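Please read the structure below before turning to the comments.
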Amino acid sequence: MERSNLFHIPCFLLLFLLFNINGVHTTFVCGDEDFSPNTSYVENLESLLPSLASNVIRERGFYNVSLDGVYALALCRKHYEVQACRRCVDRASRTLLTQCRGKTEAYHWDSENDANVSCLVRYSNIHRFGKLKLEPIGNVPHSSLDPSSNLTRISQEFAARANRTVEVASTADESSVLKYYGVSSAEFTDTPEVNMLMQCTPDLSSSDCNHCLRENVRYNQEHNWDRVGGTVARPSCYFRWDDYRFAGAFDNLERVPAPPRSPQTRQDYRVKKGRMFQPWSVVVVVFPTGINLAVFVAFVLAYRRMRRRIYTEINKNSDSDGQATLRFDLGMILIATNEFSLENKLGQGGFGSVYKGILPSGQEIAVKRLAGGSGQGELEFKNEVLLLTRLQHRNLVKLLGFCNEGNEEILVYEHVPNSSLDHFIFDEDKRWLLTWDVRYRIIEGVARGLLYLHEDSQLRIIHRDLKASNILLDAEMNPKVADFGMARLFNMDETRGETSRVVGTYGYMAPEYVRHGQFSAKSDVYSFGVMLLEMISGEKNKNFETEGLPAFAWKRWIEGELESIIDPYLNENPRNEIIKLIQIGLLCVQENAAKRPTMNSVITWLARDGTFTIPKPTEAAFVTLPLSVKPENRSMSERKDKDPFSVDEVSITVLYPR
């Protein structure tokens with residue numbers, strides 16, 4: 001854990017400054033490490049930061065991106081106004097480019113009272129997404145309290161209010177991208193009004209956010225205990241408090257009244273309305289009340305034990321980020337799915353069936369019941385549980401829990417109401433619902449989900465089975481990558497692996513994976529490229545039996561006959577954007593894995609207002625090997641059986657009725 005003492009940071013020259021002119025309250029911190037000479041870092045930084053303002057709006061208030069060693073993010077406070085957020089991020093970006101020019105790392109928390117906005121812009125030459133960053137600290141204390149104030153009482157009331165605000169801010173609101181945010185307004189005994197705002201970057205876990213904010217409160221109490229307001233900022237979290245309502249964050253928020261002063265002790269406390277207090281009356285009132293209370297407590301305890309036994313238990317083995325894995329009781333799942341009734345069945349996959357369920361709370365769930373002998377063994381089951389409980393991204397399906405009682409192996413996911421992508425893109429009656437903007441958003445979302453898996457999560461994961469049927473669509477048609485049963489976890493210093501058991505869906509698998517069992521992040525990039533071309537054409541890859549969609553699209557590209565690639569439903573849409581996406585798709589399906597782009601580059605190219613140059617694609621992969629033919633027998637590091645090649649044509653997919 002990083003230390004929070006400001007004076008133990010030898011590598012940083014802290015330039016935390018406060019401007020409070022015309023209602024602008026801004027704190028920025030620059031590092032003292034300069035760029036290495038003759039590098040493109042400054043050019044990439046100057047190209048990346050100006051793009052944050054528009055992209056943070058498109059991403060609903062939080063945006064992170066990287067470009068050739070520059071890692072940046074932008075964040076606005078919850079309930080922001082679009083133009084105010086855009087201006088705030090743009091101003092913060094320009095401030096960092098001018099005030100921290102030449103520095104490898106900096107961050108800037110900015111707020112503007114008149115515009116009702118606050119925001120963060122942060123950049124670094126080190127990958128920090130999803131990681132708690134406590135240093136360097138920016139501390140901006142305000143004016144001192146009135147010396148006649150009761151500082152001890154103020155400190156106690158402040159600590160109590162701050163602790164409650166920390167709990168609110170660090171409790172994740174999964175309905176919002178800006179999930180870590182809290183404000184409070186209270187009247188203290190000796191202070192008419194105290195307003196607090198706390199926020200964390202959404203890439204943190206709830207426990208990391210809580211720790212970061214508590215460190216801010218502790219630091220504030222140690223250094224600013226005699227002030228009427230101030231700001232303590234860190235790269236991962238922000239705490240500001242003041243004696244007035246700032247940045248529009250407290251509109252329609254009721255102020256908590258001051259605690260009542262303790263009444264003076266009266267010597268005649270046993271006398272009321274001229275009558276002597278009768279001790280025996282206590283027995284008359286308290287005895288039956290005590291019996292009723294004891295019965296009530298016993299009932300509550302019995303109910304809680306029964307509920308815990310029948311419904312759920314929390315797995316004691318929490319994952320590394322402190323989030324416990326929810327282990328569902330089989331009885332609860334049977335109740336939720338009406339004992340796996342046919343009416344609740346949503347679909348059938350290669351590894352089992354998927355059912356819709358409803359928890360006692362009313363929450364809808366999707367229950368994947370793995371079939372015996374399906375091929376998804378105990379290791380694969382644990383693999384998916386361990387991976388998904390440690391992954392949190394809006395473009396990944398959320399695992400709610402699991403059950404492994406007796407012979408049952410069950411995974412419980414969030415219910416995603418709009419089925420999977422293949423139910424729309426390959427259905428003539430539904431494909432028109434996928435407008436160009438919806439398709440673009442789906443493609444971007446899948447790309448961001450893959451980038452998170454490959455680079456931005458605490459793990460490095462290769463999905464290995466990306467395809468249209470493994471992309472689920474929520475109520476607003478936002479994509480969520482699903483099905484991690486075949487995913488492989490890499491160490492951070494690993495880039496590729498080999499296997500003798502090639503699993504996946506033929507047509508989406510990269511040629512080096514099909515032929516040699518070699519897989520890497522570029523294998524997922526290939527699958528993404530196939531899916532992207534399917535989104536443009538509205539055709540399944542397998543419809544091009546003799547050569548495959550990538551090869552077909554490549555031929556039409558070099559012949560200049562792009563009309564035969566494009567879905568007729570897209571004829572009235574921006575041709576330059578469609579061609580750009582075809583180009584990106586062809587780059588992703590190139591025969592040579594080394595020439596395929598990273599998902600980081602794909603995200604950069606997908607920016608609609610970007611000015612980046614996209615390379616020209618080379619020849620796409622021609623994977624025409626039929627399923628009945630096995631590739632050449634080659635030496636592989638994981639060879640355990642004689643058959644070097646086995647294909648699961650249909651892998652487990654969360655399907656929903658059409």
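Every residue, even glycine, has its Cβ placed from backbone N, Cα and C.
What Swiss-Prot annotates here:
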- 1-26: signal peptide (SIGNAL)
- 27-128: domain 'Gnk2-homologous 1' (DOMAIN)
- ASN38: N-linked glycosylation site (CARBOHYD)
- ASN64: N-linked glycosylation site (CARBOHYD)
- ASN116: N-linked glycosylation site (CARBOHYD)
- 139-246: domain 'Gnk2-homologous 2' (DOMAIN)
- ASN150: N-linked glycosylation site (CARBOHYD)
- ASN163: N-linked glycosylation site (CARBOHYD)
- 340-612: domain 'Protein kinase' (DOMAIN)
- SER469: phosphoserine (MOD_RES)
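Reduced to three states, the DSSP call for ASN64 (N-linked glycosylation site) is strand. Across the structure, ASN64 (N-linked glycosylation site) and SER469 (phosphoserine) place their CA atoms 27 angstrom apart. ASN163 (N-linked glycosylation site) sits 45 Å from the residue listed as 'phosphoserine', taking the C-alpha atoms as the reference points. Packing around SER469 (phosphoserine) is summarised by its Cβ count: 24 other Cβ atoms lie within 10 angstroms of its Cβ, all protein chains included. By a simple count of nearby Cβ atoms, those within 10 Å, the most crowded of the glycosylation sites ASN64, ASN163 is ASN64. Across the residues of the domain 'Gnk2-homologous 2' (139-246), the predicted structure has a mean pLDDT of 84.
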